[in-house]
């Protein structure tokens with residue numbers, strides 16, 4: 001609710017949307033998150049990812065009020081639990097910088113990045129050290145972060161990695177692990193630089209990308225992405241494929257469990273059977289991520305070039 005009430009989505013420090021008044025209340029956005037079927041299903045499954053979700057939301061809510069140290073601490077907890085949230089650091093630190101209190105207005109962006117980097121590093125090292133004291137060794141690193149990095153468990157999930165590495169020859173495994181991780185990380189700086197004026201949408205888009213391309217995604221990641229989308233209700237009219245994307249996600253949601261059952265329990269299908277529906281799921285999320293990003297960039301374009309308002313965009 002703090003994120004919605006801050007108005008960061010419609011009016012950031014460097015950009016104000018002409019459509020900013022078209023927004024939903026903070027209660028409506030909170031209700032959309034709490035009563036989302038994916039959120040409810042996540043709670044029923046009782047995964048530990050809910051703690052990562054809480055930490056990420058806390059980090060963003062503290063960033064929009066300029067509380068950088070609290071935001072970095074929450075990000076450290078999320079990264080400590082799931083590792084991938086550390087990729088949210090660049091846009092999050094820019095959001096903290098844009099929303100910094102007046103007494104810190106003279107602080108340069110380079111100083112802010114350095115200080116927050118040290119804060120995140122210090123918090124994570126502290127959490128890791130406490131874990132080593134509790135467990136009595138550092139072996140937990142291999143069992144937690146090593147699993148994320150090296151992908152030893154190829155249990156089928158809604159992601160794209162498991163099937164690819166099942167079919168992969170062992171001699172190429174290390175190379176393609178690096179390729180997949182570089183691909184996942186490559187979006188961070190490009191989006192942060194291109195949409196510098198709106199760091200909040202960068203965070204939301206990255207969460208959508210993580211829900212598609214991280215090693216072990218789940219519907220918990222999707223529920224977090226969908227929970228933050230209503231913050232940008234003012235650009236929904238500019239989206240072009242919202243019906244197609246939502247229909248594709250709904251289609252995959254209904255058929256995914258059925259295909260999994262036919263493959264694993266009924267024995268009337270194979271791995272291709274289930275992987276095909278996960279591709280449809282990823283396609284739907286990809287359309288949604290690309291469409292919200294297009295809508296935000298189109299909104300910026302119409303401010304920079306008012307003569308383009310209402311004109312159709314054509315790809316050449």
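Glycine is no exception: its Cβ is also placed from the backbone N, Cα and C atoms.
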Ask   = When TrEMBL marks a stretch as transmembrane segment, which of 140-159, 200-219 is it?
value = 200-219
Message = Which sequence-distant residues neighbour the transmembrane segment (273-297)? Criterion: at least 6 residues beyond either end, Cβ under 8 Å.
response = 156-160, 163, 191, 195, 198, 201, 204-205, 208-209, 211-212, 222, 225, 229, 232, 235-236, 238-242, 244-249, 251-253, 255-256, 259-260, 262-263
